[in-house]
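Here is the structure we will look at.
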């Protein structure tokens, strides 16, 4: 077992270094660059799997594969990386989705070297976000990750690409200022100056300061997840992005917000989390219902799926605020599940647009008659999105519902209301998804569209990509332990720590978190 091998550093730096070689590769038509990038992606994903198999213990809740190299010793600033149950499944997801996104980018012919350079740089940057254990380093990789996304949106996007890219960078960069302010405050608080996340988490912050820090982080990560009302950049970004960018936005970037909420808000500020938990639940319900209703009203296919993503992220908020093992486990599983399902749907949006050259549902209709493979893929992936039993979304949402329903941190009235409203959102999901399928595939034929000579069925590359995404979607739905065992040890430990901060009185006089006036002015110390 190669426990001393720098697995995570290699995984992060390999695609970045490989991207620097792209400008010197002789290539006229882009074919060499495509294959080179795909091979780099496959090798890096293989290294991720090797690291998981040889150096990661699923029963250990602590950080593993830890590396730490001095950077600025005077400030205890290090290149520090590690992986636990919160980060390892998302690192694997990143490698998987990004490699498929590189394959999805096969039709890109405009400036292919620059495009694949940005894709590979983003590959390493995304994994760095999930692996780094230094607050300042986290802020740096969080910011650097924005640059490739902005360039891909602004260069290869649609007609309103500059507007969408500018809105994306303004929202996300503005939110990042709150990360920097909170990180510096935590690092310089107390007698020791340190940016190490584990050291920062052990500091005894004043309770009111915890609340301010939690609010700052929440604003920053609410943009990325996204959470209403800081979500408006996402439909615009998806509306102008290409298929590979779609896959990375839905599959990876949104999960960065959920991961950071768990890692920093819940993990480092558990006392404040106990106070903000009802707010997260309410925001989660708003996300589910509002986005589902808005998605139903959309006539643009990309924007419809984008609002669907926002709706599904609401379950992540409810699960992480449930204070139960199964609820928190469901939140993590929902992030993984939606990463796969969202990537598949947006890839199909791109494949459909390449053939029909329209995103307006009113201009579609009857395309399933000529594209039977596309018809089958759209139907299957939509069933996964509406949480059909036997698929990953069903398991994740049921776990969140059960976790919240069995939580003793909330009053019965509040739980019933939340579950009822969330169920309304769940019911709305098949309504807008099935109506979408009808308008694309089953509706009256658009003669100009159906008779168009380029309206060809899915090619083997497209079938392969969707097949690769459906295998884990169905696999998790049938046997969720294949994924939950990776993170269960960590989420159980985190839940126990969070419950220590919940002012619950055992017996008939227990305090519900929905009554904030009954919370103590200072939460109990973490044992």
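Quick reminder: no glycine exception, Cβ is built from N, Cα and C everywhere.
Among the features that Swiss-Prot reports, transmembrane segment is placed at 5-25, 35-55, 90-110, 112-132, 136-156, 168-188, 211-231, 242-262, 274-294, 386-406, 416-436, 463-483 (among others), with the record citing sequence analysis.
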Practice task
Report yes or no: does the transmembrane segment (416-436) come within contact of the transmembrane segment (274-294), defined as 3 or more CB pairs under 8 Å with a sequence separation of 6 or more?
Solution key: yes
Problem - Tertiary contacts of the transmembrane segment (386-406), as residues 6+ beyond its ends and Cβ separation under 8 Å - result: 281, 312, 315, 318-319, 322, 324-331, 333-334, 336-338, 340-341, 415, 418-419, 422, 426, 429-430, 433-434, 472-474, 476-478, 480
Exercise for the section: Could you give the residue numbers and ranges of same-chain residues that sit at least 6 residues beyond the transmembrane segment (242-262) on either side and whose C-beta is under 8 angstroms from one of its C-beta atoms? Expected result: 86-87, 90, 93-94, 97-98, 100-102, 104-105, 108, 119, 122, 126, 129-130, 142, 145, 149, 152-153, 156-157, 217-218, 220-227, 234, 302, 305, 309, 313, 316, 320, 331-332, 335-336, 338-340, 342-343, 345-347, 349-351, 494
Problem - Best-contacting stretch, by C-beta pairs under 8 Å, relative to the transmembrane segment (168-188) and drawn from 5-25, 35-55, 211-231, 274-294, 463-483 - result: 211-231
Handout entry: Residue numbers, six or more beyond the limits of the transmembrane segment (112-132), whose CB comes under 8 Å of its CB atoms
Key = 8, 11-16, 18-20, 22-23, 25, 27, 30, 33-34, 36-37, 40-41, 44, 48, 80-83, 87, 90-91, 94-95, 98, 101-102, 105, 138, 141-142, 144-145, 148-149, 151-152, 155-156, 244, 248, 252-253, 256, 259
